[in-house]
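One structure is given here, and the rest of the page talks about it.
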């Protein structure tokens, strides 16, 4: 399955400002988002399931892959395209056994060692970061910058997306590294015009 990682949206309901998540995701896709990750922290399993199911109605309609952050059970329950796992989440090999070979598994990495390990273990793509300082993640160990991104990108052969503080003023510098895509939260969700915000992050619009 060929996946377009160019513009990777991660959901965060804290940025909704009273708007419906389904509508926000739809507008983002219409603006150019190519893949959506549903990320929910500190909510019940039932609530996460309901949110993910709601988003999947939109992604299915537009034939855009939907990735679930961390929770394999939710991914299975809604038949998501795959999961995204952090360094402290379930091991990739176990996740692959559970989900099977046809599902997408992405791994967050912050250095060359983690990247090579994830690639060797069969990750489908990597989320590389944190590139720039960001308010979305509080447990950031290290900002790697463009140089750190380039080093990791040059060490691997699988697709990757950059994450962390990427916005319309710096995304072109990130893409110059040859990375397959950028992953954003607030650069789209914190804007009033979601569709325009997404479109402003496309290199070939």
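Even glycines carry a Cβ here, placed using N, Cα and C.
Residue 41 (4-amino-2-methyl-5-(diphosphooxymethyl)pyrimidine binding site) has a Cβ environment of 9 other Cβ atoms inside 10 Å. Taken from Swiss-Prot, the feature 4-amino-2-methyl-5-(diphosphooxymethyl)pyrimidine binding site covers 37, 38, 39, 40, 41, 69, 108, 137.
Following the DSSP three-state reduction, the secondary structure of residue 70 (Mg(2+) binding site) is coil. Taking the Cβ of residue 70 (Mg(2+) binding site) as centre and 10 Å as the limit, one finds 19 other Cβ atoms among all the protein chains shown. Annotation comment: Swiss-Prot describes 70, 89 as Mg(2+) binding site.
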Original post:
For the binding-site residues 40, 89, which Cβ has the most other Cβ atoms within 10 Å, all shown protein chains included?
Top reply: 40
Original post:
Among all the protein chains here, how many other CB atoms are within 10 A of the CB of residue 38 (4-amino-2-methyl-5-(diphosphooxymethyl)pyrimidine binding site)?
Top reply: 29
**OP:** Work out how many Å separate residue 39 (4-amino-2-methyl-5-(diphosphooxymethyl)pyrimidine binding site) and residue 89 (Mg(2+) binding site) at their Cα atoms, rounded off.
**Re:** 13
Subject >> Inter-residue Cα distance where the pair is residue 38 (4-amino-2-methyl-5-(diphosphooxymethyl)pyrimidine binding site) and residue 89 (Mg(2+) binding site), in Å >> reply: 16
